[in-house]
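Features as listed in TrEMBL:
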TRANSMEM  6-23  transmembrane segment
TRANSMEM  35-59  transmembrane segment
TRANSMEM  71-91  transmembrane segment
TRANSMEM  103-123  transmembrane segment
TRANSMEM  143-167  transmembrane segment
TRANSMEM  179-200  transmembrane segment
DOMAIN    293-430  domain 'GGDEF'
DOMAIN    439-690  domain 'EAL'
C-alpha cells in the first residue's frame with residue numbers, strides 16, 4: 001500500500017492552493033492586504049519545499065539526490081525571511097523592515113552557499129542507505145551524509161528565528177488576540193516536536209520517515225483557518241457597517257429634510273420664510289427669461305403689532321400672525337409663494353402667463369389694495385377686537401439681477417409707502433433706488449463730515465419789538481463736496497435715524513459756546529438758541545454733557561438757550577420734565593420750538609421752567625396783516641399768562657413784523673430781520689444795527 005508519498009503530494013497541493021488563494025485576496029486595509037499577500041507567498045514557497053522533499057525521497061541515485069538536496073536547502077533558506085515578513089505583519093510588529101532585510105540577507109547568503117556546494121548546505125557528502133519500510137509495507141528511499149560546518153550557522157539562524165517567533169506569540173497573547181496566538185503557538189510546538197524527533201533519531205541512530213517539513217504544513221493549515229475566519233468576520237462586519245451606514249444615511253436624509261424645512265419655513269405660520277422666498281424668486285426669474293410669464297413680488301408691512309405684543313403677550317401676536325396668514329392664503333390661494341419674513345412682514349409672489357409685465361403689475365397692485373383692505377378688518381383674540389394697518393411695496397419680477405435685489409427693491413417700495421401715507425401701495429421705481437442710494441451715501445458722508453468737523457454753523461438774528469438784538473438761533477449747514485448744499489430737512493432726519501444726531505447736536509452746542517466765549521464784551525449781550533433733538537434730549541447723560549461744555553467754554557448763565565419741540569413731552573413727559581428742571585438749575589434756558597404744532601398741553605407746560613416759546617413760521621406765513629390774527633394773539637396771550645417770552649419765526653415782511661408787534665409779540669426772527677450768517681457777520685450785524693428800529 002502506497003500512502004506516504006501521495007500524502008506528501010496532497011500536502012503540496014494544499015499549500016499551493018492556499019498560496020494562490022491568499023496572494024489573490026483583498027483584505028481591506030493596506031496592512032491587511034500586505035499580510036495576506038505575505039502569507040500567500042509563504043504558502044507557495046512551503047509548497048515548493050514540500051515538493052522537493054517528496055522528490056528527494058523518490059530518488060535512487062546519489063547524484064540526482066544531491067541536486068534535489070541543493071534545491072531543497074535553498075528553498076528552505078527562502079522560507080525563513082518570508083516567514084519573518086509574514087509574522088511581523090501577523091503580530092503587528094512595529095519597525096520590522098530593517099530586521100526583515102537583515103534576515104533576508106543572512107538566509108539569501110546561506111541559500112546561495114547551498115546551491116554552490118555539491119551536496120547542499122547541510123552535508124559534506126552523501127551515500128545511499130537501505131530503503132525504509134513503513135509499517136504498511138511502503139518503501140521510502142533515504143540518503144545520509146556527514147554534517148557540514150555551515151549547517152550549524154543555518155541551525156543557529158533558524159533557532160533564533162523560532163525564539164523571535166515565541167516572543168511575538170507572547171506579544172499576541174498580551175494583546176488579547178488569542179486566535180492568532182493559539183495558531184502560532186501550536187505551530188511552534190509542532191516545530192519543537194519535529195526538532196526533538198530529528199535529534200532523537202540522530203542520537204539513537206533510529207530510522208523513520210522525514211518529518212522536517214511537517215511543521216510548515218501545520219503552520220499553513222492553522223493560519224489559513226485563522227485568517228479565513230477573520231476574513232469572513234470582516235465581511236460580516238463590513239455588511240453590518242454598510243447596513244448601519246444605510247440606516248444612518250436615511251436618518252441623515254430625514255434630519256436634512258427637517259433642517260431644510262426649518263431653514264426654509266416660518267415656525268409660527270408654517271409659511272415660507274426669507275430663504276424659501278428667495279429660492280422661489282430665483283426659480284421664477286429663471287422661468288421668466290424668454291417666456292411670456294410675468295411675475296410681481298408684493299411685500300406687506302403690518303403696523304400695530306408691538307402694542308399688541310406688549311399688552312397681550314407674544315402668544316396673542318403669534319395667533320394674529322397665523323390668522324393673517326390664513327386670510328392671505330384664502331384671498332391668494334393661487335399665489336406661487338406666500339412667505340412671512342421678519343416680524344410682521346409678509347410676501348406674496350404672483351405669476352400669470354399671456355399678459356405684459358405692466359398689465360400684470362397693475363393687476364397685482366389692485367389685488368394688493370384688496371388684500372390690504374381685507375387685512376385691516378378687525379381681528380379677534382379672546383375678548384379683544386384688534387386692528388392692524390398694512391402697507392404694500394411691489395416690484396416686477398424679471399430675469400435680470402438677483403433674487404435678493406428684487407426683495408431689497410420691494411422693501412424700498414414698502415419703506416416709501418410707509419413714509420408716504422399709512423396704508424399705501426407703491427410699485428418700485430428707479431427713482432426709489434436712487435433715493436435709497438443717496439440716503440446711504442449721505443449717511444456715510446455725514447459720519448465723515450462730523451468726524452472731520454466739516455459742518456458749518458450759521459446764526460439767524462432775533463430782535464425785539466424795539467429793534468434791539470436779543471439773540472440768535474444756531475443753524476447747522478452742510479456743504480457736500482460733490483452734491484452741494486444739503487437741506488437740513490434731509491440730513492437732520494437722517495442723523496436721527498442713524499444715531500448721529502447726538503454728535504450733530506454736540507457740534508452745534510460746542511460751536512455756539514465758542515461764539516459766546518469769543519463774543520466781545522462791548523457788543524450787545526447775546527443769547528444763542530440751539531436746537532435739540534428729542535433723541536438727544538432724552539439721553540441719560542445729556543445734562544452732564546451740556547454742563548461739561550458750559551464749563552469748558554465758560555458760558556455765563558442765561559447766555560445759552562436750548563430749543564426743544566413739544567414732541568419730546570409726548571415721548572417721555574416725566575424724563576423731559578426732569579431734564580428741563582436740571583437745565584434750569586445750570587442756568588440754561590429752554591424754549592418750546594414750533595409752538596402750536598404739537599400736542600403738548602399748556603397745562604403740562606405750566607409747571608415747567610420753560611422761558612420761551614417760538615411761534616411756528618407756518619402760522620406766521622398764513623397770518624393776515626390787515627386785521628389781527630386771533631389765533632396767534634391767543635397763543636401770545638397764553639404764553640404771557642404763563643410768563644413766557646414769545647418769539648415769532650418766519651417773519652419775512654415788515655407788515656408781518658408790525659402785526660406781530662401789535663399782538664404784543666416779544667421778538668422776531670426771519671428773513672425780514674436777517675439772513676442766517678456766520679459768527680463774524682453776526683458781530684458786524686450787531687454793530688451796524690441802529691440803536692432803535694421803529
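Yeah, the Cβs are placed from backbone N, Cα and C, and that goes for glycine too.
The model shown is predicted, which means the values in this text are computed figures rather than measured ones.
When Cβ-Cβ distances under 8 Å to the transmembrane segment (35-59) are tallied for each of 6-23, 71-91, 103-123, 143-167, 179-200, the top count falls to 6-23. In the predicted model, the domain 'GGDEF' (293-430) shows an average pLDDT of 81. The list of residues near the transmembrane segment (103-123) in space but at least 6 beyond its ends in sequence, with Cβ under 8 angstroms from a Cβ of it, reads 66, 69-74, 76-78, 80-81, 84, 145-148, 150-151, 153-154, 157, 161.
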